[in-house]
Amino acid sequence: MPYRRTTLSHASTLSLPLDSESNDAELIQSGSISDHDHHSDDHDNDAFQNDPDDLEQERSELVVDFDPPGTGDDVRLVASPRDESGDLDHSEKLLRCQQLIDYQFKDQELLRFALTHASGASHRLASNERLEFLGDSILGFVICSWLYEEYPEYNEGDLTKIKSAVVSRRTCGKVACQIGLDECLIVGRGVTRNRSYPRSLVSDVFESIVAALYLDGGHDIVRARLKTWLRGEVEMAVTSQGATNYKSTLQQRAQRDIACTPLYRLKREMGPDHRKSFLISAVINGEEYTAAWGTNKKEAEQKAAANALAEMNDDPLPYPLPEDPNQSGK
C-alpha cells in the first residue's frame, strides 16, 4: 500500500496510507497553518512513525496539512471522535444543538466554539469563554429591554430585581438543561461525573449560545429565542416581585420545578407573651433555607419564604438573620 509523509501540527511526521479513510474525521477547506503553530521538537519528530497505537491515542488532537492530488488547496484533517460519554461525536452534537434551538447556523465553526468547554479545546481561544463573556452582556441587554417595554408600571428597583432572577446562573443552567444544551457540550476527559456536568458549565454554554446566535443571526433571532426560553422565568419573577405573598410564590415554584410543597419549621421563639418573636425557616424537599424572624408566625413564614426565593435565585437575602430579632426587617 503506498504511503506519503505528512506533517503534523506539532512538527512530527506520520506516514498515512493514501487510500485510508477515517470515520471520525471531516475535511475542512482552510488556508495553510501559520509557522507559529508548528513547534520544533526533536522528540516529537521521532514520534508516531507508522505506529497505529500512537495514532489512535492522539487522533483526537490530529491536524494534518497536505495538498490532495490535482488541487492546490490546503486541506485540514480534523479528527472528531466520540467524547468520553460515547453519546455523540462533535458533528452530531452540532446537528443536535441546531435542532434543539430551531436555528441553522451559517457559521458552523462559531457554533462549535460555543459548545466547546476549555477542557475540550486545543487552546483557550478555541473554547467558548470569549463567547460566554459576550453572551452575558447580550442576555442582560435583551432581558432589560424586554422588561422595560412590557412592564412600564415597574420602577428601576423592581426591574433590577426581576432581571437578576432571570439571568442568574441557576436560571441559565436550568433553562439550558430544559432545552437540552447539556447533551451537546464538547468537553475533555474527566469533566463529567456520573454522566452529568457542573451547573456552572451548563449555565456558561447557555450564555455562549446566546452570543453565537447574536453573531450569526442578529438581535431579532436571539431576542425571539430568549423570549421563548425565558418567558416562564420572567413571569414568575414578575409575580414574585409584584406580590407580597412570598409563600404563595414559593409554593408555585416548588410545585412546578420539583413537585414538592414547602414546609415551615419553627426553630425558636422568644420574648414575653405580649411581644413574642418567632424564628421560622422554609424547607423544600429536605433542603432548609435561611430562617427569618417575625412578630407572629405568619409574618415569619412570609419572610422565610422570601429568603428561600432569594437563595434559589442566588440573590442577596431580603431578611438576613440579625443578632436582635427586634431589628428584623428594619
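Just so it is clear, glycine is given a Cβ too, placed from its N, Cα and C backbone atoms.
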Query raised in the report: D204, E207 bind Mg(2+) in TrEMBL, but which of E132, E149, E269 does that record place at the same site?
Result: E132
Query raised in the report: Of the ranges 70-98, 302-330, which one does TrEMBL list as region 'Disordered'?
Result: 302-330
Requested in this report: Kindly report the helix/strand/coil residue split of the domain 'DRBM' (245-314) according to DSSP, in that order.
Outcome: 32 helix, 21 strand, 17 coil
Requested in this report: Within the same chain, and leaving aside E132, D204, E207, name every residue whose CB is within 8 angstroms of the centroid of the CB atoms belonging to the recorded Mg(2+) site, in sequence order.
Outcome: N128, E129, L131, F133, G135, D136, C172, S203, V205, F206, S208, A211
Report summary line: Across the domain 'DRBM' (245-314) the predicted model averages a pLDDT of 92
Requested in this report: Summarise the domain 'RNase III' (94-218) by DSSP state, stating how many residues are helix, strand and coil.
Outcome: 88 helix, 4 strand, 33 coil
